[in-house]
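A.B. asks: Annotations for this protein, taken from Swiss-Prot, read as follows:
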BINDING   His66, His68, His236, Asp311  Zn(2+) binding site
BINDING   His66, His68, His236, Asp311  Fe(3+) binding site
BINDING   Arg75, Tyr138, His171, Gln239, Ser316  4-imidazolone-5-propanoate binding site
BINDING   Tyr138, Asn313, Gly315  N-formimidoyl-L-glutamate binding site
Amino acid sequence: MLFTNARIVTLRDDQDYGLIEEGAIATDGDQIAWVGPSADVPDAYRSETTHDLGGRLVTPALIDCHTHVVFGGNRATEFELRLNGASYEEVARAGGGIVSTVTATRGASEAALLADALTRVDALIAEGVTLIEVKSGYGLDRDTELKMLRVARQIASARPVDVRTSFLGAHAVPPEFKGNPDAYIDDICIPTLHAAHAEGLVDAVDGFCEGIAFDTAQISRVFDVAGELGLPIKLHAEQLSNIGGTQLAARYGALSADHVEYATDADAQALAKSGTVAVVLPGAFYTLRETQVPPIASFRKHAVRMALATDCNPGSSPLTSPLLAMNMACTLFRMTPLEALLGMTAHAAAALGEQDRGRIMAGARADLCVWNAQHPSELAYRIGFNPLHQRIFKGAI
């Protein structure tokens, strides 16, 4: 297939948009076979079925590399509590927060969880997402964690989107283990990880390293098992405080360290050395009305790749708009529109260990977005506006 009359944002490298005016893209199945100026299309592709894109902007398809779209229940009441002065930590310690979602998720059927998740996934797809990471972590027992991961796998069969799963058993201490996180890690989390891996449900292993969740020693035990199973790792780190999560992620060579509001310059250096991606999540920052901004300048200084995601979840980021996440990253964190677009494409792919996505180049996946926009900065600039004209998934319109 040949796409012509396009203004192509290749993102060939991280320095600029790599814009090709009057460009063309040839695909072969689900891969990009050639990209360049329309005048230079090789003869081998000129006889292909041609689609004139009308001079529209084409970018790599968007990737949401950090979501919790599978969950039961609703936590809108907590929104009111926080507006009345309760902190995220206070809500959690009072039995709300993640634990309230755990109760609802445990009680929901797979069918109900899938139906609810698909409403969120549909919103992401409508703004150009073709790859979504989905975490467990609202079960905190064997059966429900496995149930969540099975539902996550079913999303890819129910919708034209790819899904990568992350086992997040170390998300919170469930009520039945209150005050005894070590027993939970050893008796529930690690055995469940083994079971999920045996069932083929896990692509990566995640954890929440924070004062209200698990410390570095507890997370390390989970990561050691992940290593034995050959699974890559990710980590929620330095969202509400700094207890060494980012350094831990770097030591383990994690794919990503996520949130990272309280990361330091030394943490940024560690991420750069390990090649770990910093995933910033402005939806949670915004919803929780936080004031500590991720150290974007340090990430730039040390050439740490910055990814960006919705963090769609019921408590701290009920966000299903990647375009709004891009705007938030620019407005709240002072990222540039180029950084935001890279964060939702090439760097998001890196945060998932995907090497063939996020850029428009020969050999890459033919996942593309066609936009009614003049310049790529418009994607992060406008609010409440979806300029998506067409989403191309695996080379198919």
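In case you wondered, yes, glycine gets a Cβ from its N, Cα and C as well.
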A.B. asks: What is the interatomic distance between the Cα atoms of Asn313 (N-formimidoyl-L-glutamate binding site) and Tyr138 (4-imidazolone-5-propanoate binding site), given in whole Å?
C.D. replies: 10
A.B. asks: Cβ distance under 8 Å to Arg75 (4-imidazolone-5-propanoate binding site), same chain, sequence separation 6 or more: which residues?
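C.D. replies: Gly96, Ser100, Thr101, Pro314, Gly315 - these are the non-local Cβ neighbours of Arg75 (4-imidazolone-5-propanoate binding site), listed in sequence order.
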A.B. asks: Do any of Tyr138, His171, Gln239 (binding-site residues) have a CA within 10 A of Asp311 (Zn(2+) binding site), and if so which?
C.D. replies: none
A.B. asks: Pairwise over Arg75, Tyr138, His171, Gln239, Ser316, annotated as binding 4-imidazolone-5-propanoate, what's the top Cα to Cα distance to the nearest Å?
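C.D. replies: Answer in Å: the longest Cα-Cα distance is 20.
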A.B. asks: Measuring Cα to Cα, tell me the gap between His171 (4-imidazolone-5-propanoate binding site) and His236 (Zn(2+) binding site) in whole angstrom.
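C.D. replies: Cα to Cα, His171 (4-imidazolone-5-propanoate binding site) and His236 (Zn(2+) binding site) are separated by 9 Å.
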A.B. asks: Round to a whole number and give the Cα-to-Cα distance in Å for the pair His236 (Zn(2+) binding site) and Ser316 (4-imidazolone-5-propanoate binding site).
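C.D. replies: Computed Cα spacing between His236 (Zn(2+) binding site) and Ser316 (4-imidazolone-5-propanoate binding site) is 13 Å.
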A.B. asks: Rounded to whole angstrom, what's the largest C-alpha distance between any two of Tyr138, Asn313, Gly315, listed as binding N-formimidoyl-L-glutamate?
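C.D. replies: Farthest Cα pair among residues binding N-formimidoyl-L-glutamate: 12 Å.
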A.B. asks: Same-chain residues six or more away whose CB lies under 8 A from the CB of His68 (Zn(2+) binding site)?
C.D. replies: Val134, Lys135, Gly137, Tyr138, Leu168, Asp311, Cys312, Asn313, Pro314
